[in-house]
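Here's the structure, in structure tokens; my notes come after.
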Amino acid sequence: MGQHNLTVLTEFILMELTRRPELQIPLFGVFLVIYLITVVGNLTMIILTKLDSHLHTPMYFSIRHLAFVDLGNSTVICPKVLANFVVDRNTISYYACAAQLAFFLMFIISEFFILSAMAYDRYVAICNPLLYYVIMSQRLCHVLVGIQYLYSTFQALMFTIKIFTLTFCGSNVISHFYCDDVPLLPMLCSNAQEIELLSILFSVFNLISSFLIVLVSYMLILLAICQMHSAEGRKKAFSTCGSHLTVVVVFYGSLLFMYMQPNSTHFFDTDKMASVFYTLVIPMLNPLIYSLRNEEVKNAFYKLFEN
């Protein structure tokens, strides 16, 4: 029995999103549409904000990188989910699982701090409009994004290497529909308390630090809006922040719901719903919420097709 438990794994089995056969085809169609909208929407945002000189501003610089992260996050997860709807056995190879974990962590952690950088950008735009381009210089924008990518890559590689250099034993069934660190830890033969502690510490740090930046930025924005004498100015300020605030609430809410509940109350179905939201639904909604209703983006879109 012990020899069997220490057998080197070559593949994992992922849990299904649903075990009801009649829902397989409808869900495949839904997730295919979600993924196609995600790819088209985010690629459009990347191309428009790169090609149109009117969109070469700090705000659209952040939106371009958010679109890149959303596209990457969705592409890491969704194609495998779609494949699992049409195969009898939902397997993923050992190295593919490691790669999926690394890229997923890199993209999801990057999104935390891109959203917080966008909150700071909105704070500067509303509270210091005359100094906006001085404070949010091109150099600062590149430094902020560079630090985010370096930090997220470091953390993704650290957890992936730590987990996949240890031995897995027992069942090869991952209690999730993609490779994440939380469901992989109980499958390790050796004591995973160190990795589990690091996972909790980094998760809490990522959540709290990025959320505090968002919270403080919006508190200062709210104070500035309350001091505005013009109703038109207040309306414009609220419309500027409304889209970002909506996505922040949904994104952080789904993550908090999944990771901050006690282990004893974790249910696979509720975790699946939260995961679907921040890995598949939010990447689809972000380009729509942030930008496709924006007149500057619409003008850039029409200009691109006219040329």
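Each residue's number is its place along the chain shown, starting with 1.
Backbone N, Cα and C define each Cβ position, glycine as well.
Annotation source Swiss-Prot lists topological domain 'Extracellular' at 1-25, 76-99, 161-197, 259-271, citing sequence analysis. According to Swiss-Prot, the N-linked glycosylation site annotation covers Asn5, Asn263. Annotated transmembrane segment per Swiss-Prot: 26-46, 55-75, 100-120, 140-160, 198-217, 238-258, 272-292, in sequence order. Annotated topological domain 'Cytoplasmic' per Swiss-Prot: 47-54, 121-139, 218-237, 293-307, in sequence order. What Swiss-Prot lists as disulfide bond is Cys97-Cys189.
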Contact check, the transmembrane segment (238-258) vs the transmembrane segment (100-120), 3+ Cβ pairs under 8 Å, seq sep 6+: yes
Three-state composition of the topological domain 'Cytoplasmic' (121-139), taking helix and strand from DSSP: 16 helix, 0 strand, 3 coil
The transmembrane segment (140-160) and the transmembrane segment (272-292) contact flag, 3+ Cβ pairs under 8 angstroms: no
Positions whose Cβ lies under 8 angstroms from the topological domain 'Cytoplasmic' (121-139), at least six residues beyond its ends: 58-59, 61-62, 217-218, 220-221, 224-225, 237, 240-241, 244
Integer average pLDDT (0 to 100) for the topological domain 'Cytoplasmic' (121-139): 92
Residues of the parent chain within Cβ reach of the transmembrane segment (198-217), under 8 Å, 6 or more residues beyond its termini: 109, 112-113, 115-117, 119-120, 122-123, 155, 158-159, 162, 181-182, 185, 248, 252, 255-256, 259-260
Residue numbers, six or more beyond the limits of the topological domain 'Cytoplasmic' (47-54), whose CB comes under 8 Å of its CB atoms: 60-61, 63-64, 67, 296-297, 299-301, 303-304
DSSP-derived class (H/G/I helix, E/B strand, else coil) of Cys189 (disulfide bond): coil
Residues of the parent chain within Cβ reach of the topological domain 'Extracellular' (76-99), under 8 Å, 6 or more residues beyond its termini: 9-17, 24-25, 27-28, 31-32, 34-35, 38, 107, 160, 163-164, 174, 177-179, 279-280
